[in-house]
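Chemist: After the structure tokens below, expect a handful of questions from me.
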Amino acid sequence: MATRGKLAFTRLSLSEFKSIAIVGLMLQVFYVTFYILAIGSGMSPALVTLVLGLQPMLTPLMGKQPLDTIKTSLLVLGFIGLCIAILGAKSIESVSGIGIVFAVLTLISMTYGTIKQAHIHTNPAQAMLYQSMFSMPIFIVIALSTGWQITWSTGFIVSLLWMSIVVSVGALFLLLYMIKSENADSVSVLFYAVPLLAYLFNYILFGETLSLFSLCGMGIVAISIVLYRKRNARQVEVSESRA
């Protein structure tokens with residue numbers, strides 16, 4: 001058995017391996033598949049993002065975590081801010097019934113995977129490695145059965161490297177590490193900021209205009225995230241001091 005430590009690889013029990021496989025199925029297979037299907041159905045990416053914005057509110061409910069009035073209000077405030085930011089960008093163009101179904105399945109996959117991961121004590125690097133090994137054959141089967149064709153270009157290569165290294169490895173490892181270090185609801189509230197960061201990147205890289213309406217929404221989201229995490233941290237400190 002490897003030496004135990006924050007990044008040590010350890011021998012897993014069958015139940016631990018099953019839990020890791022389930023999380024890999026949720027976060028890497030179902031989440032990605034349903035998200036792509038939702039976008040592919042013609043549904044507006046902004047509307048898919050809005051559905052996924054329900055995750056911070058859904059996580060405590062599915063995880064059966066008690067919320068006081070202040071934390072509940074902050075979650076609602078954050079979602080309102082997200083709605084304002086997206087509507088201010090006027091990026092909701094089309095609605096699809098089947099797209100909404102796929103978006104909801106994407107939401108459930110990410111939420112359940114996040115909650116399940118919070119109960120896994122294996123170090124993030126080991127968990128991510130096994131999850132990737134589990135999900136890779138599934139995607140290979142899907143690719144071979146559906147057929148695919150690549151048109152090589154600079155844009156495609158840059159996108160491939162970004163999605164493979166930054167998103168699939170970097171962002172996923174960061175997510176698993178944060179879930180291991182904090183409560184699931186403290187991590188999930190950060191998902192409010194994902195679409196806002198996308199808008200900021202579009203502004204910086206492509207010069208897209210940010211309306212005053214969107215900026216107000218972003219400010220509301222930022223305030224709600226900071227206050228929620230501060231309150232959560234304070235409650236953890238109080239709980240530990242009483243232990």
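The backbone N, Cα and C atoms fix where each Cβ goes, and this holds for glycine too.
Because TrEMBL annotations are produced automatically, they should be read as predictions rather than curated entries.
Heads up, here are the entries from TrEMBL:
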- 98-227: domain 'EamA' (DOMAIN)
- 20-38: transmembrane segment (TRANSMEM)
- 74-92: transmembrane segment (TRANSMEM)
- 98-115: transmembrane segment (TRANSMEM)
- 127-150: transmembrane segment (TRANSMEM)
- 156-177: transmembrane segment (TRANSMEM)
- 189-206: transmembrane segment (TRANSMEM)
- 212-228: transmembrane segment (TRANSMEM)
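Burial and contacts for the listed features, if you can.
Modeler: Below 8 angstroms of C-beta separation, residues 27-28, 114, 117, 124-125, 127-128, 132, 150, 187 of the same chain, each at least six residues beyond the ends of the transmembrane segment (156-177), sit close to that stretch.
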Chemist: Below 8 angstroms Cβ to Cβ, which residues of this chain, lying six or more residues outside the transmembrane segment (20-38), approach it?
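Modeler: Tertiary neighbours of the transmembrane segment (20-38) are 12, 48, 99-100, 102-103, 105-106, 109-110, 112-114, 116-117, 120, 122, 127, 130-132, 134-135, 138-139, 142, 168, 172, 175.
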Chemist: For the transmembrane segment (212-228), find every same-chain residue at least 6 residues outside the stretch whose CB is under 8 Å from a CB in it, and list them.
Modeler: 71, 74-75, 77-78, 80-89, 186, 189-190, 192-193, 196, 199
Chemist: Using DSSP, break the domain 'EamA' (98-227) down into helix, strand and coil residues and give each count.
Modeler: 110 helix, 0 strand, 20 coil
